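Feature list (source: TrEMBL):
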- B:1-24: signal peptide (SIGNAL)
- B:250-277: transmembrane segment (TRANSMEM)
- B:309-329: transmembrane segment (TRANSMEM)
- B:341-359: transmembrane segment (TRANSMEM)
- B:392-409: transmembrane segment (TRANSMEM)
- B:476-500: transmembrane segment (TRANSMEM)
- B:506-525: transmembrane segment (TRANSMEM)
């Protein structure tokens, strides 16, 4: 069978890589005790669909780095654990990585709830987490580096784009958990600030893995027939997207009438759908596989060679890991040690070329600068970029559109604080963030 | 893509250079020359300007180029920026003249660049085509043109529409054109009587779009005659919409109910009839869905012509695959655990995890694409409600499976033996029935039915290793609510839960709706612990 063939190819590739690694046929052979890097992504359970790819991407990056001579002349060694889409297990596995395996840094997590679950562990054991997924913001921790987009690097520019296209009515459709709820809170406030009337916005939530979208889609249709241009801003997560888009297509909601802009749908998610009826629906990311730069072409070629399958796609969180991993390597080289405190201090200010032709920079608030791209789905399951910000957008940890977080600022270089209250002129510290 | 800045300059240059000659050409308005302006790297604004220019020529031939642009089939050649319609032919493209459609040979794909489009460009094309194709030969095209004009409500189009209505012979198209004219009249500054008549025409259409137009008109007009006519029409339409909303809820409820029925019906055998708490039931459904995927993959690679039949071919195979897995499970595991519900629960839960991980290892963790055959795609309208074909066929299919299973239970020797064994195992054994064999067959039948359900569910849900998990709780809920051991109970239970859910959803939202349903079931089970249709008689506790 085809997939068995793929699996064999993959194993063969892995075996070759391993053989080369052992025989050490490289100019600079890393030597000495390996530096361990933790990979904390679910390989089973609901989130395996998204996270397994990131585990593979990390293995590829570590492999590449070893070919280039490792870090500080020492080889890197990946330690992979499987938190199985089980949030408390994330914390347990993180503890195992840091205290038993003694890893220098951890790359991992996807959902916000898994990140929140490991936070106390990273603070207690003072280690480093690189988090590669777009998230709702409202957080900045000393031990965490956020390489995915904050809301101002994804949601706000997407809404701006649609406003330019003449959209006046908004459906905020999301899965019922922390990321959509916070993002929609930010967006609702932003839209109202821009003069959108309350009756022109509806917010709706559905459970995880929701599959019967008939009522929701017909409500969207009804809401969109009021004579004003309507758009759907979708923070629907994971598996629920496929039935959502199928129902939209079946009920004849075309992107030219009611475009859907999604923040969680990338190339990987589209792989499960026939995209012909979805042409024109939008997604906002900081990276698309279709972006035409030499760096990206190189990255895609390496990925295909590593995974042994030309059909596998690349996506935004993979690029985030690419940037984050290279930043970590540079910071370790700069600090001359893998000691967490030294690396945390070295990271802000580090620059790394991203795959879309820009230079991303780690900011003092532990977020990075990124370009924002808006893409339309095409009939090959890829995105055509229709709009892009001129400059890289710096990630903002605390939204300027929520009254309670407007006054907060995160700065781990000067202020040494993740939630500095600019009005009261003091650091709120842990008491405020523990919720 | 950091090319946008050079692009900006380029498109500016194109605009500057392009507009000069454009002014000169305006006099002749040669569509062939204008179409060529799509060539080269253009900004979206420039493309939109070219569309307007093409539409202004009024030449019907430009419709071909515009349609190709909308579908993303319009390309320009890198060497000379000449514009063509191109279709993929292997690794090359066959190119055609954009106006006449005459073939101009084939070129390698590297030589061509797509003319970039986005939604607003597609809308501009649709608008332009609406004006152009009002007098087209194909009635479907005229119909679409009239629909576009209806939503545009442009007073300037009243003249062309009058002319088109006079010439129109197809009554359906004519009615649509009259509606388009009415919407334009409401937006114009014609006399009040004309507008009152237009309001009546829109009242006849009776859908939400007409309602929006009438509400806006009633708010803006000062004329009492027209206002009264509009308000009467608004009330009529609102009543109509309210009626169809209820119909829609019933339909959606039936549809959700049929999905629940499909998911639960296999469990009604394994849990309902045999009393095995089968936590791996969802995975049997998943195996059926993956069988469909494998069948479709095989057909795609070997016999693409059979694709429309892929689901029909997958049905028996899914039954056999899931049935065989069920048989192995029963013989290898469950038969040692009869009468020990807790151990059965844990063991089958373990099996479900093993099956999930096995599928994940073989097929990968990501979703697999299962295509809809043409007869399961799209929708048709009944009144103001759109009925999607896939949902309709799933309702039909669920009922067919239900009736077939009922027939097996009541009319076949296996069914008779199954009922005998569940009612009184020792008596059945004494009559010479091989009870272990009947157990195995019953479990295989229930699992096989779950596999068949998987074929249908692959059409509306994700085909991923987690497919089954989403249905297991709902399935148990349906079987317990309907009454354990009663197939009719499963049918009524599934439909009731579906309809209640869909009537709650518009008010309570999907999340709260589900919780309310769960609470209602708990209360119901408190009152009637044996469900809707309780088994009666001596054997109940056996």
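Just so you know, the numbers here start at 1 and follow the chain as drawn.
Any Cβ shown, glycine's included, is placed from N, Cα and C.
Annotations in TrEMBL come from automatic prediction, not curation.
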## Note on the structure
Same-chain residues at least 6 beyond the ends of the transmembrane segment (B:341-359) with a Cβ under 8 Å from one of its Cβ atoms are 275-280, 282-283, 286-287, 290, 325, 329, 333-334, 465-466, 468-469, 472
### Query
Does the transmembrane segment (B:392-409) reach the transmembrane segment (B:506-525) with at least 3 CB pairs under 8 A, where each pair is 6 or more residues apart?
no
### Query
Looking at the transmembrane segment (B:476-500) and the transmembrane segment (B:506-525), are there 3+ C-beta pairs under 8 A, with each pair at least 6 apart in sequence?
yes
### Query
Residues of the same chain, at least six outside the transmembrane segment (B:250-277), with any C-beta under 8 angstroms of its C-beta?
284-285, 326, 334, 338, 341, 344-345, 348, 385, 387, 391, 394-395, 397-399, 401-402, 405, 418, 422, 439, 442-443, 445-451, 453, 456-457, 460, 471, 474-476, 478-479, 482, 484-487, 490-491, 493-503
